[in-house]
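Listed features, source TrEMBL:
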- 1-15: compositional bias 'Polar residues' (COMPBIAS)
- 1-27: region 'Disordered' (REGION)
- 16-27: compositional bias 'Basic and acidic residues' (COMPBIAS)
- 58-76: transmembrane segment (TRANSMEM)
- 96-118: transmembrane segment (TRANSMEM)
- 130-152: transmembrane segment (TRANSMEM)
- 182-200: transmembrane segment (TRANSMEM)
- 212-233: transmembrane segment (TRANSMEM)
- 254-278: transmembrane segment (TRANSMEM)
- 284-306: transmembrane segment (TRANSMEM)
- 318-334: transmembrane segment (TRANSMEM)
């Protein structure tokens, strides 16, 4: 018997023939080996239980990922501000941002390699070309985002970056050929709109917007585009190779070390950074803690990407920004307006609806 897709059904002893084999393949993703090749992303669920301490796709595991990302990157942000905004000596500033990106990549790669050594995630079949491309987009997003701060205010940059799930979803559909439930689209838009409503500054509160109009906005859009491309490539890795989190973490950071290593030598930044650290050794403990916070944070980031996909990861990181701001309101008694409380309600509404109605499995297009 030959299906509409052109494949022959050889063994009928353990299966039940259906009239429309092609349509039923989406509903029965593990029905045949041929189906797994056509829709490789459907294999991911079989691998999700490989992580220690959790069942496949469990709510507890998702909560662990969220809390891990939140705690690690909350501390990461504090250290980043201490390092970059502090004064050293006679009003000397830290201006070595490529080196600051380079060092966490080293910590991340070492951490991932150690985990791989002591665990059994097996060999990594993922193409090195995918890792090389993904590292370019990953670094491009960070560099463009940091450069944008030279031209736009921080609230605007946060406002723009809070829309990260949108390009991740769009490029996931266009490039990785994913198809999400309509409720998933609605929940993502609701969360993004809630975060944007919360962090948006009224015109009266943002008078000092004297920047070169256009460049900053373009850089934020470039950063978002790179975020979307990174998500699409990671989705491709999950679908084609079922890439495990620490393989992804190690290889992406190894490629990033290569790119940034070339950059800091070509620009000569490393030759200024080393004397700076020797002049101000007090910065070194913060840099080490900064790298460790990055490594543990990326552990949870890549666990989320490999288990739940880049869209869920982008929702977590976007919501993390919201909780960081909300935490400052609660713990430091910062005022919160009625409009910002509306943003709070929208974010929790989006999260609640997604947890109830948005968990249908994303289907790759044929």
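From the backbone N, Cα and C atoms, a Cβ is placed for every residue, glycine too.
Unlike curated entries, TrEMBL annotations are predicted automatically.
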Handout entry: Contact check, the transmembrane segment (212-233) vs the transmembrane segment (130-152), 3+ Cβ pairs under 8 Å, seq sep 6+
Key = yes
Problem - Positions on the same chain near the transmembrane segment (130-152), where near means CB under 8 A and six or more residues out - result: 97, 101, 160-161, 209, 211-212, 215-217, 219-220, 222-224, 226-227, 229-230, 233-234, 236-237, 248, 251-256, 259-260
Exercise for the section: For the transmembrane segment (254-278), name the stretch out of 58-76, 96-118, 284-306 with the most CB-CB pairs under 8 Å. Expected result: 96-118
Exercise for the section: Sort out the residues at least 6 away from either end of the transmembrane segment (284-306), same chain, that have Cβ-Cβ distances under 8 Å to it, and list them. Expected result: 51, 62, 64-65, 68-69, 72-73, 75-76, 79-80, 82-83, 100, 103-104, 106-108, 110-112, 115, 234, 238, 243-246, 248-249, 253, 277, 312-313, 316-317
